[in-house]
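Here is the structure we will look at.
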Amino acid sequence: MNDVLKTCIVDDDSIYRYTMVKTLESTQLPMEIMTFSDGEEAIDFMLDNLDEDSVFPDVIFLDIDMPVMDGFQFMEEYIKIKPRVGKKITIYMVSSSLDPVDITRANNISAISDYIVKPIGLGKLKEIMTELLKERKD
Amino acid sequence: MGQYNNTELLEKHHQIFIEQTPTAIAMLDVNMVYLAASQRWVKDFKLEGEKIVGRSHYDIFPEIGEDWKIKNQECLNGAIDICDEAPFYRKDGTMQWIYWDVRPWYNMDGEIGGLLMHTGDITEQKEKELEKKRFETILNDTSKIARIGTWELNLSTNKIIWSKMIYDIHEVSQDFEPTIESSLEFFKEGESRDAATVAIQNAISQGSSINLDLELINAKGKSVWAKFIGKVEYVKGTPTRFYGIMQDISSIRSTEQRLNKAHSELEAIFNSKSIAVITTDKDGIINRYNSGAEQLLGYSAAEMIGKQKPEIYMLEEELMQFRKDMIAEFNDDVTDKDFNYRNENINDTRQWTFKRKNGTTFPVLSTITAVNNEQSQNEGFIAVATDISKIKDVKDKLRRKNELLNHAEKITMMGNWQWNMVLDTVVWSSNLYEIFGFDEENVELKYDTYLDFVHPDDKDFVVEHIKNFIASNKKKGLVHRIVLEDGTVKTIKLIGEVITNAKGEITEVIGACQDITESKKAEDKLIEAKEELEIFTKKLSSRNQQLADFTHITSHNLRAPVANLNSLLEIYGYSEDEEERADIFDKFSNVIHHLTSTLNTLIEALKTKVGNANENLDDCDLNVLLENTTQILSGEILKSNIVITSDFSQVSNLTYNKIYLESIFLNLVGNAIKYRSENRSPEINITSEIIDGKINLKFQDNGLGIDLKKHGHKLFGLNKIFHRHPEAKGVGLFLTKTQIEAMGGSISAVSEVNVGTTFIINFN
């Protein structure tokens, strides 16, 4: 199971979630996909499984704009529990926003690997996933 | 006969005897007729050449008055009239001092035969006596004034006599009896007493006279300087008396000292290096020439004294002018050939130009005084001159500065004034007259002159301000209006300053006035423009904010569905499964529907922003409005069992865009229903009130509440939702805010999670 990439999508937009899942599946890379419709659902999942971090995702595609708990609020909570997480999690901030305020804010959080503007596209997604799988093998 | 002859002879003898008596004597009979008169009588009474014998005494002396006649008559009756001296006023106007002895003579029968008059002319003697008396009086007076006293030492008895003045000088009382020892005691110990002691010894032993100035310490302890002059009198070769005078010369001495001081002061002035003192003699030749003159003129004293005239350093034309002026000053009759101005009491101070030895010239202020002798003959001149080139420079600078100030005042439309509070005199600068349109030739200026110009509406506060500013002694500015004589109104800025003397008393107030009529107008315009600009800026920045919001909205709310469409299109492209394709197509329709609705919302918002919301104003009754809202929402209200209460007692009607207000009510009441808490029976309370003069509308519910710390920043954003509510679209509050802002108001919210939310609308 080690070579399977646990991929997590956090977004309130069901269409987006649908397209992401479809696109990821089309890459035919070994992965397990889980989705949450807002930050709070995602963080709750992590808090519930703190003792069993093997179920934690390897990579998270995190939306900014979400009801209840948005992407940044999620990051605040995640950073709190991060020391207790044994696993390395790669987080991508994903948004349709081109607002420089959002981009700068995301780049200032070290736990975030990159800021990606929607739509991601199959090519880019495949590249990211392949790279992550390669890292894991090394 | 013989007897007769004898008698005749006897009378003849008497007659001869009387005539030849060397004194003035006359013999008269009982009828006062002359029987005989001595030659001396004739001479004394200036009767030479006149026949006397046989004539009546009263014929000869018609000047004899009744009083004398009576006395003569008494003598004829046996009285004797003797007088030592009496004035005898003669008919020719002269006066004689005479003495007389008038007595009757008796004939052989013992009867009174007439009068025997013996007189003497003592006029000369009398005059001498009077002269002596006068002289003594003068001497006495002089002695008193000159404080001269006399003293005498009787060398045989050693007794000393002082005159009153000496007592005065010693300040001892008249009963003081001086002795040699006690008088020596008064001399100041040391030099003076020693000198006096030696002088007395020498006078007694050798008869030498003295003339000494000695210091005394008188009975009151005062130091007195006195001059002693004394000599010794000899009788048959032995000195008997040592006598003389003593003069109090203290004041003379102090005068002398003062004179010495004045002299040395004069010397100091004369030796001054900064003042030139030059004197000339009667021929105009320089006879004194001090070092100050040497410095100023460059000629040495040796070159000048006794050799040159002042013409060498003076300008010919100035000398001519001086002579002309002096002639004009002292001589009314210019044609008088004998007139010489040099002999007048010239004392003239004026500016001269002096020429140095090296030919350069410089300005001086010189006082020229004529030195005249008692006969008013000129004996020369004294000139005292100081170099005023520096003063002149300063004066020139000052004049230039004043000119500059005048220019500056003209350019800046300013004027200045000085008010002497002690004399209540005021001086205005010429431009101040200009500003006030006041004739400079006009009346004497007073403090009130200024006030008379002050605009009647401003007068009270101007007077008050000046009073305060003088009392507080602080520089303060004031703007007020003035009314010119022609009715023009000007705005003046007044700044004053208080000048105090050494005691801190206010003596003068000085100040400046500026005509700011034009700048005041400009300022008013500027303020108006600024206010307009501020309103415009406010509008603009609100537009900018709205534009920024729109960019954000575009970015978030249009890009998201477009991104979805792209992703769906991509999947659709490589999907081979028909079922999946149909599924994807379904999603397309979803996204397009969402996109259309977002676009519609934005168009609605744009209409609100761009259109003039204030054009469609209606009178809105809040109660009616709420009723309409509850009718529209009746289904939801019924389902939720929400209790709606309201209090519009403070404000029941509102002039507003009715469509907006309906939309606002619908959204806020709708939200309260949508986000009600399942744990409470839902309530919403709507109230209107006036806060700070502005109408506020409050919608308070007991619903779910929002964590404003987390979501406050996007509460009113488009498509922002905070609850996992199927109906949450994030449009209502966005539109509500847009509408309220379009009308110039604002909306805010306070909320607590699980307690409720209150929206507050502030209608501006």
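Glycine residues also receive a Cβ, built from the backbone N, Cα and C atoms like all the rest.
If you look up TrEMBL, you'll see B:82-134 (among others) marked as domain 'PAC'.
Annotated domain 'PAC' per TrEMBL: B:210-261 (among others), in sequence order.
Model confidence over the domain 'PAS' (B:262-308) stands at 87, taken as the mean pLDDT rounded to a whole number. Taken from TrEMBL, the feature domain 'PAS' covers B:262-308 (among others).
TrEMBL lists B:348-400 (among others) with the feature domain 'PAC'. For the domain 'PAC' (B:348-400), the DSSP counts in helix, strand and coil order read 12 helix, 30 strand, 11 coil.
What TrEMBL records for B:428-473 (among others) is domain 'PAS'.
Residues or ranges marked as domain 'PAC' in TrEMBL: B:476-528 (among others).
Summarising the annotation, TrEMBL assigns domain 'Histidine kinase' to B:553-764.
The residues of the domain 'PAC' (B:476-528), classed with DSSP into helix (H, G, I), strand (E, B) and coil, number 12 helix, 30 strand, 11 coil. Assigned with DSSP, the residues of the domain 'PAS' (B:428-473) fall into helix, strand and coil as follows: 28 helix, 2 strand, 16 coil.
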